[in-house]
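The following features are taken from Swiss-Prot:
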| type | residues | note |
| --- | --- | --- |
| BINDING | ARG58, THR59, ARG108, HIS136, GLN139, GLY265, PRO266 | carbamoyl phosphate binding site |
| BINDING | LYS86, ARG169, ARG223 | L-aspartate binding site |
Amino acid sequence: MNHPRKDLLNISSLTDEEIHTLLDSAGPMKELFTKSVKKVPALKGKSVLTLFYEPSTRTRSSFEVAAERLSADVTNFTVSTSSVVKGESVQDTIATLQAMKVDYVIVRHYNSGLPNVIARHTCASVVNAGDGAHAHPSQALLDSFTIREVFPDVRGKRVLIVGDILHSRVARSTSLLMKRLGMEVAFLGPGSLVPRTEHSGIPRFSDFNEAFAWKPDVIYLLRVQKERQDAPFFPSAREYNKIYGVTEERLKRISGEGLYIMHPGPVNRGVEICDLAMDYERCLINRQVENGIACRMSILYHLTPQTQH
């Protein structure tokens with residue numbers, strides 16, 4: 001990157017050059033995984049704090065492993081056992097972060113925009129690991145990196161995103177980045193979960209038959225986010241699976257057409273996807289996990305915290 005970037009808060013703030021730098025750098029990072037020593041001293045002496053206000057296993061662990069492989073010191077800030085539960089305000093938390101003089105803060109919060117607030121008031125580099133239903137930039141980067149591995153030229157490739165678009169920060173960030181890289185994106189899901197006011201220009205389908213006729217290259221499944229739904233948006237998990245899930249019957253067609261399957265995790269087996277599909281040779285879910293570490297290493301490596309006095 002020609003100009004130092006302090007934070008990664010969303011995809012829209014990245015230039016095309018920055019996007020390609022982050023994706024291109026993830027390749028050499030991934031090559032480290034095959035070495036006997038999987039660490040480099042790039043961030044030796046730097047401190048990384050994970051600040052998660054929502055439960056997370058995959059994203060948090062991925063960032064922690066990424067930081068450790070760059071030789072950074074990692075501190076896990078567990079909100080349930082922290083002062084936040086005792087009434088500490090966001091302003092107090094920010095002041096604490098400044099006093100601790102950490103170099104990087106990985107933050108996930110249930111309120112959209114909170115990572116931006118922290119970034120404005122701290123010298124640390126802030127990475128948005130998911131804020132409400134707004135953005136999840138590192139997931140978007142790892143998804144596009146994964147697709148680039150199976151399609152060296154992603155331009156014109158078609159990605160069908162299936163499920164709860166309305167509540168999904170993954171759908172917002174991932175669809176935006178895919179379109180910027182020249183991919184075509186379409187949505188499939190219940191009308192109640194596919195917003196019509198957003199994502200202008202993206203085709204919407206109501207059933208898999210329509211979607212298959214669009215000739216997708218990748219089926220990207222989203223988790224049904226019951227915790228973000230104030231009221232039920234579909235009758236039952238069983239009904240959802242029947243209409244929008246990758247069932248064994250649909251897997252036959254997916255396999256026959258050589259389509260790839262992706263999912264940001266965690267997976268609801270029997271809802272979005274059947275057990276058999278998890279073992280399908282073109283299921284990229286485990287590769288997404290591996291690539292998440294490489295992409296997050298690239299993100300941390302390319303961010304530049306402000307000097308603290």
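Cβ coordinates come from backbone N, Cα and C, glycine included.
Features as recorded by Swiss-Prot, highlighted on the structure.
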| residue | record | CB count, 10 Å |
| --- | --- | --- |
| ARG58 | carbamoyl phosphate binding site | 14 |
| THR59 | carbamoyl phosphate binding site | 22 |
| ARG108 | carbamoyl phosphate binding site | 25 |
| HIS136 | carbamoyl phosphate binding site | 26 |
| GLN139 | carbamoyl phosphate binding site | 27 |
| ARG169 | L-aspartate binding site | 24 |
| ARG223 | L-aspartate binding site | 19 |
| GLY265 | carbamoyl phosphate binding site | 18 |
| PRO266 | carbamoyl phosphate binding site | 10 |
Remaining residues near the recorded carbamoyl phosphate site, that is with C-beta within 8 Å of the centroid of the site residues ARG58, THR59, ARG108, HIS136, GLN139, GLY265, PRO266: SER56, SER62, ALA129, GLY130, VAL170, PRO264
Maximum Cα-Cα separation in Å among residues ARG58, THR59, ARG108, HIS136, GLN139, GLY265, PRO266, which the record lists as binding carbamoyl phosphate: 16
HIS136 (carbamoyl phosphate binding site) versus ARG169 (L-aspartate binding site) - Cα distance in angstrom: 6
Cα separation, ARG223 (L-aspartate binding site) to PRO266 (carbamoyl phosphate binding site) (Å, whole number): 7
